[in-house]
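Undergrad: Can you keep this structure in mind? I'll have questions shortly.
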């Protein structure tokens, strides 16, 4: 076969990473496997198959066989812009089944069910590791069966085909015309089903269900997918530690704020929101169940970074389950210590032990954390001041070693990250109070001389804010600030936050992936990914269409 078109050669991101790993392992493990691809019309079966051929072409020859439309039309619709495969990889059995991209000696003039297996054997003999996709298998069977007076049924032919594939180490994809269960599922080695539906607000939800894959352990049977840009892509899991940076990874380049908007700090999200968050607005970040304890940082960290990089003040009341020192460690790795110490104010409070500090839960139901590497240790849960103590000790140590306090400056390690002597902490007895908080941020405003960002976990700040949300929203609007209110599953605080919020976003888990979507404004489902090609990992969003 001709060499792949270099313009469309699959990269790691375009191929194996975005193609389900379990399916790749299914084909690259034991040779001779046959995969049945089920799904109703419009679910993306053909695009899934083409993506698979792109992946498998890297270690062998591939052939896409159809009877639906001619070679040129198939190539124009599915291959030309989105695949490394050219027309020679496409075969229309209804036109000329012997017009092959290989030098094949076929000892018969007409292709039928009785000669199909021999035809495949001749192709295999002229190729290296071979993959053939039949799309759709039912239509190809019917076309070939029409040439016989007394043809065997499709189950018999499929059994013979699968047996040949195992014997000759041929990889097969059989695309079905239906999503319904069929006897073919018991014959083949693997079965996947593509599904599509709309939620109550009209959002498209697409999934790939891994029914069975011989020889492969399936940890997550239902995987979110998208057909964005006319290509099949699996929306892959995100490990939250990769969202954050390590020491000396790079310097955050500030994104531009406009007179009407604050940048979200996420390049893919700003255009969806017509430039970012409105000035003077309240954003509700609604966390779904079974998210790791640091999931709140996915949407908020980029905004915090961008405010600080623009030398604007930030006040953060993080969730009490959050990793100790998360903000301090992240922000000091992408911004100068002076910027963090001057403009960022983090209030760690203690509001009682959580039943499971490693995850968000709903109505008493405890879920397994997505990111077990970030789960709190038993000592964290047992210490009544675990989060505060660990963070403050780290801050105190780093300040004393790198930035000694100026004469007369007080470092209040028990209540907030850094507090000058002229600022009185709003945290008393481990609890945040509303009026002292407002007085504190007014002093911060004088120092930064501009709008402020408030990031407040409502679960942590409940006693201070639950009866004052209306007043707080008015304050934010009056001063052209930005506030992000974070709520956890199954609490009344969700409804209260919604009543004052100008925008409402929800972060939820789908399979092992993390999805973001807007309830107000209404947005599509957006899969969260990470671009690690830059010194600072960047959030990327993939629309589910």
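Using N, Cα and C of the backbone, Cβ positions are placed for all residues, glycine too.
As annotated by Swiss-Prot, compositional bias 'Polar residues' applies to 370-380. For 36-46, the entry in Swiss-Prot reads region 'P-loop'. What Swiss-Prot records for 201-209 is region 'Basic region 1'. Feature annotation from Swiss-Prot assigns region 'Basic region 2' to 494-499; the stated evidence is a curator's inference.
Tell me what's around each of these sites.
TA: According to DSSP, the secondary structure content of the region 'P-loop' (36-46) in residues is 2 helix, 4 strand, 5 coil.
Residues 20, 43-44, 48, 192-195, 221-227, 234, 511, 517, 519, 522, 524-525, 544-545 of the same chain lie 6+ residues outside the region 'Basic region 1' (201-209) yet bring a C-beta within less than 8 angstroms of a C-beta in it.
With DSSP classes pooled into helix, strand and coil, the tally for the region 'Basic region 2' (494-499) is 6 helix, 0 strand, 0 coil.
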Undergrad: What counts of helix, strand and coil residues does DSSP assign across the region 'Basic region 1' (201-209)?
TA: 0 helix, 6 strand, 3 coil
Undergrad: Pop the mean pLDDT for the region 'Basic region 2' (494-499) in here, whole number is fine.
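TA: Averaged over the region 'Basic region 2' (494-499), the predicted model reaches a pLDDT of 92.
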